[in-house]
Structure formats: structure tokens, C-alpha cells
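Engineer: When I checked TrEMBL for this same protein, it listed these features:
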{"type": "REGION", "residues": "1-28", "note": "region 'Disordered'"}
{"type": "COMPBIAS", "residues": "17-27", "note": "compositional bias 'Polar residues'"}
{"type": "TRANSMEM", "residues": "80-102", "note": "transmembrane segment"}
{"type": "DOMAIN", "residues": "80-613", "note": "domain 'Major facilitator superfamily (MFS) profile'"}
{"type": "TRANSMEM", "residues": "114-134", "note": "transmembrane segment"}
{"type": "TRANSMEM", "residues": "146-161", "note": "transmembrane segment"}
{"type": "TRANSMEM", "residues": "167-191", "note": "transmembrane segment"}
{"type": "TRANSMEM", "residues": "203-226", "note": "transmembrane segment"}
{"type": "TRANSMEM", "residues": "246-265", "note": "transmembrane segment"}
{"type": "REGION", "residues": "319-393", "note": "region 'Disordered'"}
{"type": "TRANSMEM", "residues": "428-449", "note": "transmembrane segment"}
{"type": "TRANSMEM", "residues": "469-489", "note": "transmembrane segment"}
{"type": "TRANSMEM", "residues": "501-520", "note": "transmembrane segment"}
{"type": "TRANSMEM", "residues": "526-547", "note": "transmembrane segment"}
{"type": "TRANSMEM", "residues": "559-583", "note": "transmembrane segment"}
{"type": "TRANSMEM", "residues": "589-610", "note": "transmembrane segment"}
Amino acid sequence: MPPGSAARVTLTKAGSRPSSPSLNTMTSVTIPPPVPVPVVSQFSSSPPLRSLSPEELMEQTQVLDDLMDNIGMGKFQKQLLVLCGLGWFADNMWLQCIALILPRVQAQFEIRDQYIGILSSSMFVGMMFGAMFWGTLSDVYGRKQAFNFTLIVTTVFGIGASFANSYWLLCLLILGLGFGVGGNMPVDGALFLEFTPKKNQYLLTFLSIFFSFGAVATSILGYFLLPRYSCETPVEGGCQGKGWRYMLLAMGSLTLSMVVGRVILFRLEESPKYLLNQNRHQEAAVVLCRIYKINHKETQSEAFDENIETLTLRFNRPVNAGDISSSDESSSSASDASEADMSDIENSRNGSSGRRRTESNNHGRSRRQNGNGGSGIQHHRPPGGVGNGNGGDHHSKTWIMFQRYRRRWRYRIEKALERLEPLFVPEFRLSTILIWIIWALVAFAYTAFNVFYPKFLQEHGQGGHQPLQLVYMDILIYAAAGVPGSVIATVMVEGRLGRRYTMAVSTFGTALATILFAVLSSRAAMTTFSAILSLLATLNYAVLYSYTPEVFPSDIRGTACGVAAAMSRLAGIITPLIVGVMLSVNTYFPLYTASIMFFVSAVCMCFLPIETKGRAAT
């Protein structure tokens, strides 16, 4: 065929499953003369769609919103709602589990108060790094991979923790558990939001009901397992009850059943918004057609087909060659830098040892002699010297390897930091800062109360003589009281208050309930105000978890949610350690501090610049 001529061919997708009449029928199209466009890997983290103008990007988003409206809220979204909800369920389930077993672990390993908080801190350390890792991974490699692997990691470490034979090994395993479970909420929330039509995006707030049920499920198991298999009073040499081990094993088995539901029983599709951000328009179209077929038995509507055609033909432009070149240069800079480092290091070492160059018979490298001008005569060096093959060469290779990995990790960190830059553009700067402060303060206050609530009840309920059965009954009431908060939040966010002021009002109420819990000492008053606190705190978290992903666009949503959750985990890390010190000063001091933190975070909520009520996720 002469160069530059057009060809008429028939296209079909080999090996693909039928998804819709419009995409399955073989189509005869005219292909223009080939243009040398570099291939963009689906795993590339470079900014996609750079050939589209901002107006075209907005128009593409609108077309995708229209397609999601055509698909509607059907079977696929309802199944996804449950599966994403199970991730939120697991998040709070494990947090509540650590709080419940804390006194039992302390009794068995005889840990002092100032060190017992390390167990909770280990959980939050893992959750912080997990939130950042899985959130960024979902932006770079797709939501699907992170969605599947978070619960798998959680299951492995959760079951393993039940067999820990020392306190410090238990802390290490709980850290790994936290790393897995920490990605559930940022990844699952972003994934559900991107598959949901605009008019149904308020259901992201409803996901928090699973968060509440996670605490209830753990409290029910704790009520039946912990009092029966634990010691009521301290035992010399440590209580050897296995109640906390049974709790961890039960939680791990329950998480394993969630993995089966996610990975085996449900076929998750990659997010269309992620695929469009990666310039993979045809794959996004296939995913949308599959979801349409799941939700609707009839043939695709004419409006849906027109939007699919617009999405795949109008916006499917190749990336500019110049942009690709710069992307290729940046992607190869790490390896090039590593090789340059190795060359510089080796040359520097060779110069300091008399311009020594080793020659490999297999690879054709030559050897120069120290001070010999290449005469071919080898001078023997002292054993263990720089030029000695048994000592110096090994040391040199180790140093070069260290430098290579150091440069690679530095490059990866720099690339990760680059992903944070869009969060601080003028449009999102104030929102980013306030959201980070809110997440940190609310997490500090809630953790200060929640983590030590079972220990507080056991030591101060009924004058310090409250039986374990009543302690865990009060905890069950506290957990169950939070369930209506999710439902109330779902209604309130669509009302006159909107997202921001619903959060603010509920958080002010939480601060007041915390003070009243601390001041009133009767069991009835403590149970009542702890239940009110649980209700309002759950309402607050329900809105906060849905508000955060709604503020940011899809290309940085996973990173934004991941960092926000990481701020929450960072606060969770230091809170148990600080509260442990506070308990040695005054038992009620942590409660007053928590109330102040709730109040300050409520004030910050009032100054959030973006109200997301009625706004489609971009």
C-alpha cells in the first residue's frame, strides 16, 4: 500500500465478551494515514489527555455524567454499594476490636498504662501509611486493584495477630493489619462515587451506616466472647484467658468472607473516570456498556449510543508527541540517574585507588594497573585493601547498590510529592488545609474517647466495680446508638443545612455531649450521653467521609482522600500515647481535651469554602 493512503478495514475486539449491540457488531471504518503516536502505557502516571483543552475536559465530564444518568441507579450500583460498604464495615470493625481487646491484652502481658497505647498507635500507623499507599495506588494503577487487595492484606494480618505470643509481636502484626484496612475508606468511597449518577451521589453518605454496623458487630461478638474467656480481676503472672485471641480470629474470618464476596462473587469493573484520565476511552466505553447491560435488560437507548459515540470519537485524541517525549524523559530519569551515579561512584573509587579498572572475561571489560600505565603487569595489593577482590570490590559493589536504591527511592518520593501539588492550587488550597485540620482534630478527639472508653468504664463505672458483662453491654449500647446517625446524615445533607453546616452542628453537639459525660458520674447519665456522643459523632463522620471526595476532581480524588485519611491516622497514632500520659495526671483530662478538639474542628467546618450539595462529582 502506498505511504499516506487510507485503508478501509473491519475492526472487532478479539477475545472480548459481548457487551452491547453497538459495540459487538463488526464496524467498517476508514482509517486515516498512520500518525506516529507513541504508546501510552496504562500504568503511566503522567498527566493524561493533555491534548484536550480545559473546556473539552469539562465537556467530556458532562458526557460521562450523561452516560451515568442513562445507566441509572440499578443492580450494579446496588451491589457495589454493599461491597464498598463492607470495606467501611471492616474499617470500624477492626478499630472497635482493638479498643475492646485493649484491657484484656494489658491483663495478659501485664503492660503498664503508658505503654498499652502503643497497640492502638500501631493500628493507626498502619492505617496512615495504608491510606496514603492505597489512595495513591488507586490514582496511578486504578481503583480495581486497590479495592481487591486492601481486605486481603487485612485478613492475613488479622488472623496472624490472634497467634501472637508477645505484646510487641502483636503490635507489629496489628500495624500490618492497619496498613490493609487503612485503604478501605478512601478507595471504596472514591470508587462508589465514580460509578454513581449525580442525583444518587448522596448515597455516599449512606455508606457510613456500614461503618456503624461494623462497631455493632464487634461489640456483639465482644459481649459474648470477652467476659466468658477473660479474667474479671487481675491475676498474678498475667491472665491467660484467650478471649482477645478468639476476637481477632473471628474478625479475621469475617473479613475473609468479605474478600470472597469482592473477588470471587462480584465482577468489579474499572472506574470509567479513571480510564478516561488515562486516555483509555475505548475501555471506558466497554465498561459503561457492560454496566448498562447489567442494569437494563432491553437494548441500549439511542441517547446512550450517541453519548458513547461522542466519548470514543470526539475526545479520544492522541497525546502530543512533545508531551510524550517529556513524559518518557521523566520516566527514564530515575534509571539514567542511577546508572550515572554508579558510573561516577566507580570512577571516583577507581581514581582514589590508582585508576583501577576491573576486566570481566565474560563481558569484555579491561583492567588498568595502579601506577603502571597499562603495562599489563599486575601489582599485588595488601589483602583487604581497596583493590583487593575479596574486600574492596565487595565494598565498592555494596556502595554502588546502596546508591542505586537510594536514588530510585528518592525519585519515587519526588513523584509522590508531585501528586500533592494539584491539591494546593488556588481553587483547592483553603479546602485542602481546612479538611486536613478537621480530619486530624476530629480523629484526635474521637480516638481519645473511643479507644479508652472500655477501660474507662471498667475502672470508673459503678465506682470501679462494674462487672465485665455490664461493661460490654454499655459498649454495645454505645455502638448501636451510632447507627441512626448515618440515616439522619443522609437526610440532612440534602436539606437546608447542606454538607458543611450539618457537619458543624453535629460536631458542636458532640463537644457538648463529651463534657456532660465527664461531669455526670451516674451509670444512667454516662450511658445516655455516651450514646448521644456516638450518634452525633457518627453523623459527623458520615458527612465528612462523603464531603471530602466530592470536593476534589477524579484525577486527584484518590490522593486527596488518602492524604486526608492519613492525617486522621496520624492523629490516631499520637492520641493513645498522649492520652496514656494524661491518664497518669487526671483520669478526666482526656475527656476535656476531646471536647475542646471537637469544638475547634466545628469552627473550621463553618469556614469551608466549597458546598458540594447538588454538585456533580467531576
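Just so it is clear, glycine is given a Cβ too, placed from its N, Cα and C backbone atoms.
Computed from a predicted structure; not experimentally measured.
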Engineer: Considering only Cβ pairs within less than 8 angstroms, which of the stretches 167-191, 246-265, 469-489, 559-583, 589-610 has the most against the transmembrane segment (203-226)?
Structural biologist: 469-489
Engineer: Check the transmembrane segment (559-583) against the transmembrane segment (526-547) for contact, please; criterion is three or more CB pairs under 8 Å, pairs 6 or more apart in sequence.
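Structural biologist: No, the transmembrane segment (559-583) does not contact the transmembrane segment (526-547).
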Engineer: Hey, does the transmembrane segment (246-265) touch the transmembrane segment (501-520), meaning at least 3 C-beta pairs closer than 8 angstroms, sequence gap 6 or more?
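Structural biologist: When sequence-distant Cβ pairs are counted, the transmembrane segment (246-265) does not touch the transmembrane segment (501-520), since fewer than 3 lie under 8 Å.
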Engineer: Rank 146-161, 246-265, 469-489 by Cβ pairs under 8 Å to the transmembrane segment (114-134) and hand me the top one.
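Structural biologist: Selected stretch: 146-161, with the most Cβ pairs under 8 Å.
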Engineer: Mean pLDDT, the domain 'Major facilitator superfamily (MFS) profile' (80-613)?
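Structural biologist: Average per-residue pLDDT within the domain 'Major facilitator superfamily (MFS) profile' (80-613): 81.
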Engineer: Who are the chain neighbours of the transmembrane segment (146-161) in space, where the CB to CB distance is under 8 Å and they lie at least 6 residues beyond its ends?
Structural biologist: 86-87, 90, 94, 130, 134-135, 137-138, 170, 173-174, 176-177, 179-184, 187-188, 191, 248-249, 251-253, 255-256, 258-259, 262-263, 268, 558
